[in-house]
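**Q** Found this in TrEMBL, in case it helps:
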DOMAIN    75-177  domain 'FAD-binding FR-type'
BINDING   R126, Y128, L143, K145, M152, S153  FAD binding site
Amino acid sequence: MMAEREEDDDTEEAWMQLRPTEPLPSQCCGSGCSPCVFDLYHRDLARWEAARASKDRSLLRGPESQSCPSKLNPETFVAFCISAMDRLTKDTYRVRFALPGNSQLGLRPGQHLILRGIVDDLEIQRAYTPISPANAEGYFEVLIKCYQMGLMSRYVESWRVGDTAFWRGPFGDFFYKPNQYGELLLLAAGTGLAPMVPILQSITDNENDETFVTLVGCFKTFESIYLKTFLQEQARFWNVRTFFVLSQESSSEQLPWSYQEKTHFGHLGQDLIKELVSCCRRKPFALVCGSAEFTKDIARCLLCAGLTEDSYFLF
């Protein structure tokens, strides 16, 4: 009887049922993560083919992981509980996730995570960068903008405190080291501000880091500027300057006096980039994050302003 069951388990139909399912395009976040969901699929497919050829199902499991099941992992989604959810603007949320005890997430400033969501039985994945300090204990926070027709937005807007969300990571190729650059020029549009926040805070939290920082945040209106209190506090440090570019406002008269001199109107273009680069107190290294179009335009402007391709990083 046992022999018959083993023969049934080794039939072609039985093995095909164990074959990994190729991910849908919606399951790729498109941010160049390594490993990507397609990398994991091809790894599992190779493992399945080897197991099938040798008729050894134990090969499907792969090496045993010794990590804690609640620890972040770049290959496996891990559940984290939502402990707070604040609406910053009409379409943007700051969401806090709890970590066990006083543990830390284990990211370097500026690295990102992949969120998995399921909407209408369709699995989707998107990349988000935590805005909490890299050394935050017991929690991490992300900034998420929701779009009217976005599938992930529908998933996020269904969240309530106490719900669970699944993340994997960390990912990202930019690793900041204290005093590595004379000055950082941080150019961000909208939620592209997210990776700049932990990088900036890691500098101001370290009294031995003397890097100058010029941060430029591009938003539609004054009301749509994220994390105003945090940015105001950071601008009080001797080595930090902040500027803003508002695309849908044209006058400083309605702005608080503390914003009037450091706010520009329109778009961040060639002339303003040249002015910012020339006003840097030391040779700048630029970090750029925003939409694909924003990133491409700013990279071109930086080259025209005299920076070389090894003098900036595009998130």
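Placement of Cβ uses the backbone N, Cα and C atoms for every residue, glycine included.
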**Q** To which of the binding-site residues L143, K145, M152 does the lowest count of other Cβ atoms within 10 Å belong?
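**A** Output over binding-site residues L143, K145, M152: least Cβ neighbours within 10 Å is K145.
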**Q** Find the longest CA to CA distance in the recorded FAD-binding set R126, Y128, L143, K145, M152, S153; express it in Å as a whole number.
**A** 13
**Q** Suppose you look only at the domain 'FAD-binding FR-type' (75-177); what would the mean pLDDT be?
**A** 93
**Q** Tally every other Cβ atom lying within 10 Å of the Cβ atom of S153 (FAD binding site).
**A** 19
**Q** Can you tell me how many other Cβ atoms are located within 10 Å of the Cβ belonging to R126 (FAD binding site)?
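**A** Other Cβ atoms within 10 Å of R126 (FAD binding site): 22.
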**Q** What are the other residues, in sequence order, whose C-beta lies within 8 angstroms of the center of the C-beta atoms of R126, Y128, L143, K145, M152, S153 at the FAD site?
**A** L115, V142, I144, C146, G150, V156, T191
